[in-house]
Amino acid sequence: MFKRQENQSGIPFHTQDQDDKYAKAPIGVQSKSRFRFRMRHGVVALGLLALTYLVISPSSDSNGNSALKTLKDRVQIGNRKPSDGAQDSTPVKPSGGNTALWEERKDKVKGAFLHSWNAYRRDAWGKDEYHPIAQFGSNMVKKGQGFTIVDSLDTILLMGLKDEFEEAKAWVRDELTFDQEGEVNLFETTIRVLGGLLSAYDQSGHDQVFLTKAVDLADRLMGAFKTASGIPYASVHLKEGRGVPGHEGGISSTSEVATLQLEFKYLSYLTGDDKYWRVAEDVILKMKELESIDGLVPIFINPYNGQFHGSDIRLGSRGDSYYEYLIKQYLQTSKKEHVYKEMFDHAMTGVKKHLLGRTIPNDLLFVGEISKYSPQDLSPKMDHLVCFLGGTMALSSTEGKTLNKANFPRSKFSKVEEEDFKIGEELTEACYEMYNQTQTGLAPEIVYWVHKKSQLDGRHEPEHFEGSDFIINNRDGHNWLRPETVESLFYMWRFTGDEKYREWGWKIFEAIETYSKVKSGGYSSIHDIRRKDHIEFSDKMETFFLAETLKYLYLLFGSNDVFPLDKYVFNTEAHPFPVFDPPKSLLERPVVKVEPETEGKANGVADDKDLHLDGLPGHDQDDVDEALEELAVDADDTEAEHVPEVEVEYEESSEEVSTDVVEPETVANIVSEEAADV
Ligand code: DMJ
């Protein structure tokens, strides 16, 4: 953990004891980008100008820009060279530069999709997940839930693969059934399967097959919301449509319960049945009433009492898409629901105030993690998952418009929009560097940004290459072909027209081709990207590689006319939904029916205790032992306190609260599941 210090005026800032050794390090093999950085620092005059603009601007205004002064004093934004196409009032370059080249590259992405799809079709047709080395498929419930096929439908349509689409549609129509035994994760099934079906419905010109399946699935998922608080359980038994509490003492993840709304609301809009809208919206409106740290919330929530649980706050695993869906809900319903924009902006003031830091040696901007008990202590840990944020902050600034539209030059930005956009640009660059500064050109799952030279004591290759901005711990070097960085590149490209974003995307694609491609078909996750001479496949091709990673790359290299961002909102699994005008009846908010009447912990659920060890670089056994000991004490304290008394209108009783005491194994599960977060 790295303490913030206070300056003379009492305003805290992140400690940065820049080491000369790094500042002066020669251009080396491991630091491809350092020369470029030094060039950047050469344009200090430009940076200073931008800085001066920020410093003299008021710290608070009627638009709620109160975070500005705090942010400027903590982590300076805007002192790096702005991207060519995004400078104030400067028209962006015409899209595409060399159109033929980008067409060719786009086709290569289509080739990668077909290389995957054909192998899946050959070895695992109809199965949920594909293992390209062993060449077989596996299911999450007995007959499968269409994970790969449904998640891929709109990518297939986007790429114009007609035969593939007809075959996949026939499978959905004839084989896919949700009327089967087995429990599925509410969030994953919603974003991949429900989201995939809804987007396929829209993109196929309203083929009823997809909507019928979507309604059947959603009706089953509704069972998860039948809890004492209205905050859903983590899982659902498909056949019975019954909610199933999560493994962590019944606790749900914040991002999971708050990343259902785009799908459920769109379904209500399509069917005219408001029940999906109501349950999903209720979750967010309840969360809005809970305590936060400047809009930042813990990553767990308790469905028994409706309160946040634990103390970890981050925009990575279990936190990420809570923030993403705030701004996207606002955009999805034609900016009619201002409450979500306010919640997003509030959370971003929290990000600016508590989570931003700068790296050594290249002064990259990063988003760290905090505990709610000590928000002043910034952990420089960042999941690759956080990389959605750059594009999403830029999306919030522009509300989907491109900067070269005559009616929306950057000079028209409010201060918050300007600041969010700059942060978006800088975070996207840091995320690209997570790839650029490794031997393979692939990013690890988690980095610890170097922002204090003492972090490097005892570090050696491949944990940390001299001149690189981050440390990769042994357990964090895996790459699952995640989409978040290319997603942000796509947004930044669309908004700015700056070709560097396309070039960065191309480099990432080339690294995927070099190291993740399986000759016999498909692409695989990799155990450790730190050594290019030591690549081991972990034999899984995640469905989001087809649904998101390849889709965003294809869009990045393709025409800007496809899915204009002021007309479409992508769900968190990259399924595009059209923006719509909700009827008044959906916008009216009836009084919430299910209210928890108790506060604090539910029976048998561990109290606010930081169960996560991952803020500690190294995660050594002592840390684990200490946490297990603390938890054992904590578990003793959780004996039958009270059963929440609630007025429930649903059929199931809240008295079925789990009475399992959290055992140390649960902690171990949480710790290990952390690494397995998708
Ligand atoms: C996807 O399922 C979604 O993007 C989700 O929001 C986060 N995890 C994976 C991709 O990394």
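Glycine too: its Cβ is placed from the backbone N, Cα and C atoms.
Taken from TrEMBL as is:
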type	residues	note
ACT_SITE	Glu188	active site, proton donor
ACT_SITE	Asp320	active site
ACT_SITE	Glu445	active site, proton donor
ACT_SITE	Glu484	active site
BINDING	Thr572	Ca(2+) binding site
COMPBIAS	86-98	compositional bias 'Polar residues'
DISULFID	Cys387-Cys431	disulfide bond
REGION	1-23	region 'Disordered'
REGION	78-101	region 'Disordered'
TRANSMEM	39-56	transmembrane segment
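Under DSSP, Glu445 (active site, proton donor) is assigned to coil, being neither helix nor strand in the three-state scheme. Candidate recorded positions: Glu188, Cys387, Cys431, Glu445. Not one of them has a Cβ under 6 Å from ligand 1. In sequence order, the recorded positions near Cys431 (disulfide bond) (Cα within 10 Å of its Cα) are Glu484, drawn from Glu188, Asp320, Glu445, Glu484, Thr572. All chains included, 23 other C-beta atoms sit within 10 angstroms of the C-beta of Glu445 (active site, proton donor). For Glu484 (active site), the Cβ neighbour count at a 10 Å cut-off comes to 27, with all displayed protein chains included. Of Glu188, Asp320, Glu445, Glu484, all annotated as active-site residues, the residue with the shortest Cα distance to Cys387 (disulfide bond) is Glu484. Looking at Glu445 (active site, proton donor) and Glu484 (active site), their Cα atoms lie 11 Å from each other. In this structure, Glu188 is the one among the active-site residues Glu188, Asp320 with the smallest number of other Cβ atoms inside 10 Å of its Cβ. Sequence-distant neighbours of the residue listed as 'Ca(2+) binding site' (same chain, 6+ residues apart, CB-CB distance under 8 A): Ile191, Thr259, Leu262, Asp320, Ser321, Glu324, Tyr325, Phe388. A distance of 16 Å separates the Cα atom of Glu188 (active site, proton donor) from that of Glu484 (active site).
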